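Chemist: I have a structure I would like to understand better, so I am pasting it below and will then ask my questions one at a time.
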Amino acid sequence: QNEEKWDFVLVSDIHEMGSEKEIKRKKFLDELSKKGFTIKKIEDTKLFYGVRAPQHIFWKYQCLLTNPNSRQQNSSAYQDVPATTRIRVVHFILQNTVTSDLEKLHDLMKKKVFEAAFPLHKKEEMREKLKKKWARWRVLFKEQPIEEIRCYFGEKVALYFAWLGWYTYLLIFAAVAGLATVAAGATVFSSSQVSKEICDANNTIMCPLCDQNCSFWLLSDTCTYAKVTHMIDNEATVVFAMFMAIWATVFLELWKRERANVVTSWELYGWDEEEEELALQLINNSQHEPRLYQHSYLRSTIVLILALLMIMVLIGIAHALVIYRAMAVAVFTQSDTSLLSQHADIVAVMTGAVLHYLTIVVMTKVNWNVALFLCDLEKPRTFTQRENSFTMKIFLFQFFTHFSSLIYIAFFLGRVNGHPGHYVRIAGHWRLEECHPSGCITDLFIQMAVIMVLKQTISNIMEYLIPLISHQLRKKKKHPQRRSLMLGEEEEAEDPCKRQWLNNYELNEVNVFSLFNEYLEIVIQYSFTTIFVAAFPLAPLLALINNVIEIHMDAIKMMRLRRRMVPRKAKDIGIWLQVLEAIGILAVIGNGLVIAITSDFIPVQVYKYMYSPCTRENHTSMDCSTGYINNSLSVFHIRDFERLTKVLPVFKGEQIKEYRDYRNADDYTYTVQFWHIFAARLAFLILFEHVALCVKLIAAWYIPDVPQRVKNKILTEKYINLRNELRWVMSWKV
């Protein structure tokens, strides 16, 4: 049976004898044979080459990377290496074997000499256990078998699922806090004076929201939206935003402790990735010289400039979407179709959202290629350095691609559009869009809800269906046709390896970015969950539901729909931890800005303590926010409308109130109250961010990254090793 255990399978088209591709294939296989590899050929619609490495390669690996003390004790016997180690070592040798034409496997695959190279999913006990305990929908709420995942897919994949499981577990607390915030808004704050005044404002006439075919409207028309807005825009939201800033820190600190426990149990806490790579290079080629570290300030400067140019392009695309929405409203309001003209703003938002989605799809591919190009310019020394560099660039580009629109809605929408009689216009014609009549935070709430619900739903459906359909099509297309037998002819016995290799070949391809894509998806979701959570407290709940499904969907994809991933060693989640810490800081800044700028929290507080009736008289029974709505509206004279503004029907009157601004009635300059509010916003922002960051630092200090048990275990091991070394030295002297 040992002869039928193969480490890797190479797949090639059947080329003509003597062709260039056939010669190149033979040269590569000959190089493997010189290294002692056993190769088995099976011919079907494709050529399959099973590859098995000689045992001495793994002896070298154990000798180079085993602890010196254990080597002295067990110098005569080596244990069998795990299957994950075999696959990793063989994969490294295959990728770094050079033919006489100075070509590696990667070059040969580009030239279509080989079509695929993959390790096998085998019918072993571990795989069946994972299928039963992990890769099925029935075990949706059961604990993940991390140790079994590690034994089959390697430490890197196991750490990803351990991190995702830990993140999902702690999301329970954030989701409960978010639900409590919404529940408090719906009950305790539902009968707020502010929303009551909006609902009672039957005589307050507001300015039209567009230039053409828009009429005046009553403030009371936004009664329902005002109640919904106050569910998320109240005092509880401030507390929730502070809680989420602390939660993000606690999550990362507790994960560091969990990681230390996990990698210590795997005996990888002191593992050195660079040492392992050097050992593999020497095993592959004993004459190998290490590639030294290099740094070029010129190259780094070029990469930095190109990255900044790319970010400017992404910001420019966000500006283009803003221009589109402004133009779309103007065009749709003049449409002959009554349905389109009456709902021009909604249609503009919907088409703008579709356009935004299309730009995300297109720019994701562009971002990917640009990030790879910049990585090639940097010329990283190792695969890990390349992966880290690529991670930072693609995350930065994807962040601006996804969040530019949200940043505009949160901090610029309705604040840079001017005022009636003097609107800011694009090309002197199209006026910029305004906030939702019930408040700017409503726009952000709607945008966040749409993005998180649709993105996660569509993403999960596509993420599962595309590999499933692709697998079925590959099976149908590449399933071998049985040859019809002639009369009296006996059917040849099929090679037992053939069916196994074909089944693995029919699965979907995996590459070095397969796990990277999973990380990127969850980290982008983490950004949505933390950075603007003050505007959408239900974000942690939606993330929790998504992650419970995501874990098992990824498991099913890896076990049933994709070829086996090459196992990789790892002792942490790499540079993703730094990305998550950066997001935690952005979350403090983002939520502070949302509360200070986007919400009505600060204007209401300024009114209560400086302008309300409570400041003039002692009204113990009166709500101090009484009169806030009337106070926050400014008077506008109709005669001052611009010539581009044509209101239907014509309003017979002298003045009309404009919602959400603090301007004088005569010259429309800002009132003193505006500057009081501006100062209060700035003071709150500075106070909130400093308090939140201080709490984060205290939490990071209070929770040690490494548990005492792990520290003591490592200390004891060092002591025992040094004592054994000393005994060996003393016995040698004697």
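Heads up, the Cβ atoms here are built off N, Cα and C, so glycines get one too.
Copying in the features that TrEMBL gives for the protein in this structure:
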- 83-146: domain 'Anoctamin dimerisation' (DOMAIN)
- 149-715: domain 'Anoctamin transmembrane' (DOMAIN)
- 157-186: transmembrane segment (TRANSMEM)
- 236-255: transmembrane segment (TRANSMEM)
- 301-326: transmembrane segment (TRANSMEM)
- 346-374: transmembrane segment (TRANSMEM)
- 394-413: transmembrane segment (TRANSMEM)
- 523-552: transmembrane segment (TRANSMEM)
- 573-597: transmembrane segment (TRANSMEM)
- 678-703: transmembrane segment (TRANSMEM)
Chemist: Of the listed stretches (157-186, 236-255, 394-413), which one yields the highest count of Cβ-Cβ distances below 8 Å with the transmembrane segment (523-552)?
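Modeler: Answer is 157-186, with the largest number of Cβ pairs below 8 Å.
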Chemist: As a quick check of your reading of DSSP, tell me how many residues in the domain 'Anoctamin dimerisation' (83-146) are helical, how many are strand and how many are coil.
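Modeler: So the domain 'Anoctamin dimerisation' (83-146) is made up of 33 helix, 3 strand, 28 coil.
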Chemist: Which residues of the same chain, at least 6 past either end of the transmembrane segment (301-326), have a Cβ under 8 Å from a Cβ in it?
Modeler: 348-349, 352, 355-356, 359, 363, 367, 370, 374, 377-378, 393, 396-397, 400-401, 404-405, 407-408, 426, 430-433
